[in-house]
Amino acid sequence: MQEIFLCSISNVRSGDCKEDCAYCTQSSHHQGAIKRYKFKDEKVVLQEARALRELGALGFCLVTSGRELDDEKCEYIAKLAKAINKEELGLHLIACCGRADLEQLEFLRDAGIHSYNHNLETSQNFFPKICSTHTWEERFITCENALRAGLGLCSGGIFGLNESWEDRIEMLRALASLSPHTTPINFFIKNPVLPIDAETLSADEALECVLLAKEFLPNARLMVAGGREVVFKDNDKKEAKLFEYGINAVVLGDYLTTKGKAPKKDIEKLLSYGLTMATSCH
């Protein structure tokens, strides 16, 4: 039976981002109807960590909105990491806090963070069409910094932004040069507050994207993330093919500003596909 890994997300700082990423409702350039808060209370984060670990999650990603890490965010994430690790839950902790330099990432590593997530999102060529406030190159350098700091690298992208297949190949080729431990695969879902006007990918095209990712990243843990519940809806037969085509990790529960599948029902469905849940992160 195929073993899959469950990962969960905690949006520990939400909204009011000054970047203009066209795919993100957390940008202050878009009037998204989302919750906005500076820092989530530590007790709430610990409750989330315990609950999700009990459901079987092995990865727990602490995500902050905004362009980059700063001293305040570093201290906050470090404090959360130490508190979660003190619980001895056996969680693999990931931080996702935007652009970061080597010193900042080493600080997080020493505080108990195991991996850093920073997605390339799309190809270097297509990126200026979806963001003007920072460059693709900045993203790539942050990924390199994570590796230099001795952190596991989690880096992937979004399919369905109106990019071409050539753009998809270019992104995957760049990711392959980084050899990430985990690659999140997201499918863009149109939102009326966002400037990207793109139709939701069909399940068949999404599966083709997964096959392509597996070809370029045969050794990475491919994790299906945002958009799965919309692209595959109730099409169990095609959703099951995700795992035949190379997916071996799943985001369990909600995303940053959108609802995911109900965790218990999602796990039941995954088990019905003949999958088993990993019990340790390796």
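Every residue gets a Cβ built from N, Cα and C, even glycine.
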Checklist entry - Besides Cys61, Cys154, Arg221, which of Cys96, Cys97, Cys131 does Swiss-Prot list for that [2Fe-2S] cluster site? => result Cys96
Next on the checklist: Averaging the per-residue pLDDT over the domain 'Radical SAM core' (1-228), what integer do you get?
Outcome noted: 92
Next on the checklist: Which secondary structure state does DSSP assign to Cys24 ([4Fe-4S] cluster binding site), in the simple three-class scheme?
Outcome noted: coil
Next on the checklist: When you rank Cys61, Cys96, Cys154, Arg221 by Cα distance to Cys21 ([4Fe-4S] cluster binding site), which of the binding-site residues ends up on top as the closest?
Outcome noted: Cys96
